[in-house]
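What follows is a short report on a single structure.
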């Protein structure tokens, strides 16, 4: 008869433990023991099974197969603390923290590894209070639990608590793991100096310590310090090289970033998908397609073409430069695509107004998120198909603030400002909180309609939503008050901006220009240096317009010439238009014509319109005829051109030419578009034809 303990085990799992082995067979074999090897003991077989089952639980947990892990655990004839800990870890690592705690509480015995697994699980799931409670009860602590607590606190932004645990931790256990965790916490909180202090006191540094400091210095814009740390590293890996390269790109020092990548390749350092993604993003940002193609080839050589994240970056790179066929081919060659892959190609089609291709792609998308819906709505709005955009909005399963803003922006872009305001009120009524872009857009609608009361209500909404410091909102407020004739209020808003930047300065300068306050605009131009702003094309457009309105010919022409000579900014068509207007208003008509003839590009209609207007002001019929002819070549249905020219003929006594011009206008079917004005009351608004 079998002994009691062996019989008990065989009842649990006879087939696995004994494998059809029976004691009658054993008796028959005993006689020939000198010939046959001795069979393994029952204890060793049980131990082997135990180890195998524990390994299966661990593997199943890592694969996310919690049912499989639980099934193995439930069928085990014998379990030890490793079995319980393996199942606990499986649940904790897969976010099933409640089940993990249940298993922890049911454990017949626990060891340090069990406590560490539960604490780490709590910290990964941001259950800080529960982790702290277990940590305080832990009978024996080791480096793992201290490091888990510090890492968890740091990730949750609880730097003070992380510091307290770090100080409590025995010094011999701190380096490098716990110190690295605290350094990362400081860097995540933007406390580079505190991170550097811990780094300097570390007795044992590893490549993670050095790489973290390189990355931290880069993210804080201290590239020289980052390079100093990088150069001092006793050992570098792909992470440290990539961090330094990314830092150069983030700081706008692209050539150094490309140079460091080449050095990395020369030194034979292995590259990974993150390195290649950083390089692809940089080539896309700079539209350096030759280097981008080389990096794409490197992706293929290294066998990383199936990396979805890399594929998405390559699609974006090609769409940036308009290589839509290459982007499409990359997309089609991807074995696995995520929603970002689809959205990247969709955004490229929309960017280049390939709306038919965009719509076809949208229709076959297996999964559409808010970005997908919003992108196609923007595409329809850009084409002027606002009703189709609204139809898509209604079909959108889950709407967010971005989708509402896209619809409102579409109405503004298509000149339907009153509809934009109506949709804004509907958005707020349905409980959606407008963001800075939403408010900036509806401010633009109010400004274009010159509805001051509406603009002031939106200003109140901005204050309530605490968006007064938003740069785009600030500049829109300035523009709104200026367009509503309240330049003093616009300046009041500007003065309350803590740190004016180029956008807000340009908005205020444009406001001064529109109201004929040339001296104020010029003074603000001089004050730009104090704000740390460098003028751009918009700045000079405001200055030239202000000078033209005020007749400051010398001042305006000086600024026009300084654009290229002092600031390296090539004047565009609008700058030439303002300068032609400046010279023409002052009577320098021949100089204005010479400037047009010296332009590096073909004049557009606004330039000839400025010359025609100046010719009318100074009764230069010969020049007016030239400007009118050039203008009609570009815009044959311009009623204003015919009217100005016929009136000038009449004033000059050339009745036949006046009549001929009017007849030509009638024969060509040219009609003046009617003007409109708005009558606003508390209960309604009505459009009045002013033709």
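Just so you know, glycine gets a Cβ as well, placed from its N, Cα and C.
Feature annotation from TrEMBL assigns repeat 'PPR' to 80-114 (among others). Each residue in the repeat 'PPR' (80-114) has a pLDDT score, and their mean in this model is 91.
Here TrEMBL flags 142-176 (among others) as repeat 'PPR'.
Per TrEMBL, the feature repeat 'PPR' maps to 206-240 (among others).
Annotated repeat 'PPR' per TrEMBL: 338-372 (among others), in sequence order. Nonlocal intrachain contacts for the repeat 'PPR' (338-372), taken as residues 6+ away from its ends with a CB within less than 8 angstroms of a stretch CB, comprise 308, 311-312, 315-316, 318-319, 322, 324, 327-328, 331, 378-380, 382-383, 396, 398-400, 402-403.
According to TrEMBL, the feature repeat 'PPR' maps to 400-434 (among others).
Nonlocal intrachain contacts for the repeat 'PPR' (501-535), taken as residues 6+ away from its ends with a CB within less than 8 angstroms of a stretch CB, comprise 471-472, 474-476, 478-479, 481-483, 487, 490-491, 494, 541-543, 545-547, 549-550, 552, 555, 567, 569. For 501-535 (among others), the entry in TrEMBL reads repeat 'PPR'.
Residues 112, 115-116, 119-120, 122-124, 126, 128, 131-132, 135, 182, 184-186, 188-189, 191, 202-206, 208-209 of the same chain lie 6+ residues outside the repeat 'PPR' (142-176) yet bring a C-beta within less than 8 angstroms of a C-beta in it. Long-range contacts of the repeat 'PPR' (400-434) within its own chain (CB-CB distance under 8 A, at least 6 residues past either end) are made by residues 370, 373-374, 377-378, 380-382, 384, 386, 389-390, 393, 441-442, 444-446, 448-449, 451, 454, 461, 465, 685. Residues 50, 53-54, 57-58, 60-62, 64, 66, 69-70, 73, 120-122, 124-125, 127, 130, 138, 140-142, 144-145 of the same chain, all 6+ positions outside the repeat 'PPR' (80-114), place their C-beta atoms under 8 angstroms from a C-beta of that stretch.
Taking H, G and I as helix, E and B as strand and the rest as coil, DSSP gives the repeat 'PPR' (80-114) the counts 26 helix, 0 strand, 9 coil.
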